[in-house]
């Protein structure tokens, strides 16, 4: 069996990080909506692939997540054994850690498997400092 070198796309996914840039309109609340139709991971019980469309909606604070970085980050799930619930929650945790948004919602709409259709929705609301 021939051992092949890592392909450039695999290397980009492995080295990818969630990159942010300054919000160009920090004084205005606006919503960024991103659709990621090719999310894949593996079932931690069977090893079968799971497919989903992820919908990300957020109101940025001081930082915005760069789109190519999100794509590479999402592609890193392809070979991970992770449940639907944990996958969507982990994506939320990682994106919130990267950009600290005012608000973020992620919906994972997983393709039916075994006659079961799963949709997982998670939200984050930025904590504001108490006035007291």
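Cβ coordinates come from backbone N, Cα and C, glycine included.
Feature annotations, courtesy of Swiss-Prot:
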ACT_SITE  43  active site, thioimide intermediate
ACT_SITE  50  active site, proton donor
BINDING   65, 66, 67, 84, 85  substrate binding site
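Residue 43 (active site, thioimide intermediate) is 11 Å away from residue 85 (substrate binding site) when you measure Cα to Cα. Reduced to three states, the DSSP call for residue 66 (substrate binding site) is coil. A distance of 6 Å separates the Cα atom of the residue listed as 'active site, thioimide intermediate' from that of residue 50 (active site, proton donor). Comment: substrate site residues 65, 66, 67, 84, 85; largest CA to CA distance 25 Å, whole number. Of all the binding-site residues listed (66, 85), 85 has the fewest other CB atoms within 10 A of its CB. Taking all protein chains in view, 19 other C-beta atoms sit within 10 angstroms of the C-beta of residue 84 (substrate binding site).
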